[in-house]
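Visitor: What follows is a single structure, and I will ask about it in a moment.
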Protein chains: 2
Amino acid sequence: MSDLLERLRGRGWRMTAQRRVVAEVLDGDHVHLTADEVHARAVARLPEISRATVYNTLGEMVSLGEVIEVATDKRAKRYDPNAHRPHQHLVCARCGAIRDVHPSGNPLTDLPDSERFGFTVSDVEVTYRGVCPNCATA
Amino acid sequence: MSDLLERLRGRGWRMTAQRRVVAEVLDGDHVHLTADEVHARAVARLPEISRATVYNTLGEMVSLGEVIEVATDKRAKRYDPNAHRPHQHLVCARCGAIRDVHPSGNPLTDLPDSERFGFTVSDVEVTYRGVCPNCATA
DNA sequence: TCCTACAATGGACAATGTCTAAGTCAAGTG
DNA sequence: CACTTGACTTAGACATTGTCCATTGTAGGA
């Protein structure tokens, strides 16, 4: 369990009911919700919360570096509260389930200079795809 | 230079003016256009072509395995005609330029069994991010 | 040349995300 | 504790990207 809300408080982030609810529904391990899913869950706790606020709040948490935006599916962006430890993602091609994974080694070193085209490479994002145990038996 | 049009013909794909134009504007190395960009370029050659046709045609080329869908930016999908050789992508964080790159080793082997959660992992997609030479000097 | 199944069209619709103007409130100040 | 102010929230219009469908057109075989 991470502690998204605590991390945000610790940064002197102005706290409101809306922001607290967004942080609460997003927190946890292997959590990768779309903005709409976050909104749906937030509404369950705070019916007046608007879509715009959810989008704004998620965007700010990303800017603060406390939440990561991931593009594991090609439709909506997903939000991952587990920003305190570098990790990659493993996605089920059938049901879309997502797990956080930690590959051995540093994928950055796999890119030789001759393949860098003069870029200053600073980051790498890896998405593994496969079939989860649940879908494999079905 | 790939030869997208030839590959498609070779598969007995029914050829029309629209399909030919889409294949032509998409062909080349380090080409990663969005559907809208493809449409804009196609219209320049064949003004009557509709958006739906471009989407359909791109979707079919992907189904045939002759074009790859990539999600390097988090907005629109991009289409890469270089499907005949496995490769990854290097993206400039400032201008969005995209290069095809070939990391050493197989990224799949970097994921230990203990991190596979019982999945049958079959594929991996890697996006390197950095700043291109052009943007670095500006 | 004619047929017919497949392809293209255009416009409505859907999903996701952004923006704005006006109202509301958290938190520091006195 | 009330006041003030700038930041936050709201609702809904708008923008972008993508999908669907009924109709019209056409590639390619008979």
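Cβ from N, Cα, C; glycine included.
Predicted automatically and left uncurated, TrEMBL annotations should be read as such.
Quick paste from TrEMBL:
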- A:C92, A:C95, A:C132, A:C135: Zn(2+) binding site (BINDING)
Visitor: Through the lens of DSSP with three states only, how would you label A:C132 (Zn(2+) binding site)?
Guide: coil
Visitor: Run through the Cβ atoms and count how many others sit within 10 Å of the one on A:C135 (Zn(2+) binding site).
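Guide: A:C135 (Zn(2+) binding site) is surrounded by 16 other Cβ atoms within 10 Å.
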Visitor: Going by DSSP, is A:C92 (Zn(2+) binding site) sitting in a helix, a strand, or coil?
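Guide: Its secondary structure by DSSP: strand.
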Visitor: Which number gives the other C-beta atoms within 10 angstroms of the C-beta of A:C92 (Zn(2+) binding site), all protein chains shown included?
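Guide: Other Cβ atoms within 10 Å of A:C92 (Zn(2+) binding site): 20.
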Visitor: Cβ-Cβ under 8 Å from A:C95 (Zn(2+) binding site), same chain, 6 or more residues apart: which ones?
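Guide: When sequence neighbours closer than 6 are ignored, A:C95 (Zn(2+) binding site) has A:C132, A:N134, A:C135 within Cβ distance under 8 Å.
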Visitor: With every protein chain in view, what's the tally of Cβ atoms within 10 Å of the Cβ of A:C132 (Zn(2+) binding site), excluding that atom itself?
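Guide: Here the count is 23.
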